[in-house]
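**Q** Dropping the structure in here first, questions after.
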Amino acid sequence: MNSIKFPVLDRTTKNSVISTTLNDLSNWSRLSSLWPLLYGTSCCFIEFASLIGSRFDFDRYGLVPRSSPRQADLILTAGTVTMKMAPSLVRLYEQMPEPKYVIAMGACTITGGMFSTDSYSTVRGVDKLIPVDVYLPGCPPKPEAVIDAITKLRKKIAREIYKDRIRPQQGNRCFTTNHKFFVVRSPHTGNYDQELLYAPSSTSEISTETFFKYKSPVSSNELVN
C-alpha cells in the first residue's frame with residue numbers, strides 16, 4: 001500500500017491477504033491526501049499558483065487547498081514574513097491539527113532574502129517561528145521544484161513514526177531564535193493630555209547664576225580647558 005518507501009504487501013501469503021501495520025497505513029493515507037493551507041505573501045506564490053493548471057496538475061498528488069487551518073495538515077509559506085505578520089502565522093500553525101507539516105518556499109521565507117540586509121521588520125527565516133520540514137530555495141522556485149519538494153515530503157511521511165514526531169512537541173518547543181511578542185496598548189489612541197502638550201516652558205526653576213553663566217560668551221581658553 002505504501003508505494004513511496006516500503007512495500008507493505010506480503011506476497012508470500014495466500015488468498016491475496018494484505019498485511020500491514022497501523023503506522024504504515026496511517027502514513028500511506030496521509031501522504032496521499034495532503035491538504036495544504038496556502039500562506040502566500042509575495043511573488044513566490046505565483047509560481048505555486050501555476051501548479052493548479054492542467055500543465056502540472058498537482059491534483060494527482062491528492063492536494064486539496066483549504067482555507068481553514070483546522071482542515072489542513074500542510075502549510076506552504078511563500079514570500080516575505082514580517083514581524084507584524086509573524087503572530088498570525090504562528091497562530092495559524094497552532095490551529096492546525098496534528099500531524100502537520102511546513103514547506104518553506106523561496107529565499108525570502110527561508111532567510112529573509114534581499115530584505116534581510118537593511119530591513120528592521122523582516123523575519124530572518126520562518127524557522128525562527130515554526131518548525132520547517134522541507135526547504136525550497138529559489139527566487140522564485142520553479143513549479144517543478146515545488147513538485148520535487150512535495151515528493152520529498154511524501155517520502156518523509158512514508159518512513160515516519162507518529163510517536164517519534166509528537167514526542168518532541170510534547171516537551172520544550174525551542175527553535176533557532178525565540179521571537180517574543182507581547183500584546184501592548186496602542187500608543188496612538190488619540191487621547192492626549194492637552195495641558196502637557198501645550199504647556200508653556202517655565203524658566204522659574206532655573207537659577208539666575210546658571211542662566212547668566214550659559215548666556216555669557218565663552219572664551220577660547222575655557223573651551224580648551
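Every residue, even glycine, has its Cβ placed from backbone N, Cα and C.
A quick note: this is a predicted structure, and the numbers were derived from the prediction, not measured.
According to Swiss-Prot, the protein carries these features:
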type	residues	note
BINDING	Cys43, Cys44, Cys108, Cys139	[4Fe-4S] cluster binding site
**Q** Under 8 Å Cβ to Cβ from Cys44 ([4Fe-4S] cluster binding site), same chain, six or more residues apart: give me those in sequence order, or none if nothing qualifies.
**A** Ala78, Gly79, Met105, Gly106, Cys108, Thr109, Gly138, Cys139, Pro140, Pro141
**Q** Out of these binding-site residues, Cys43, Cys108, Cys139, which one has the fewest other C-beta atoms within 10 Å of its own C-beta?
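**A** Across Cys43, Cys108, Cys139, these binding-site residues, the one with fewest Cβ atoms within 10 Å is Cys139.
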**Q** Determine which residues of this chain, when Cys43, Cys44, Cys108, Cys139 are set aside, have a Cβ within 8 Å of the centroid of the [4Fe-4S] cluster site's Cβ atoms, and list them as they appear in the sequence.
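**A** Output for this site, in sequence order: Ser42, Ala78, Gly79, Thr80, Gly106, Ala107, Thr109, Gly113, Gly138, Pro140.
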**Q** Kindly assign Cys44 ([4Fe-4S] cluster binding site) to one of the three DSSP-derived states: helix, strand or coil.
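**A** The three-state answer is helix.
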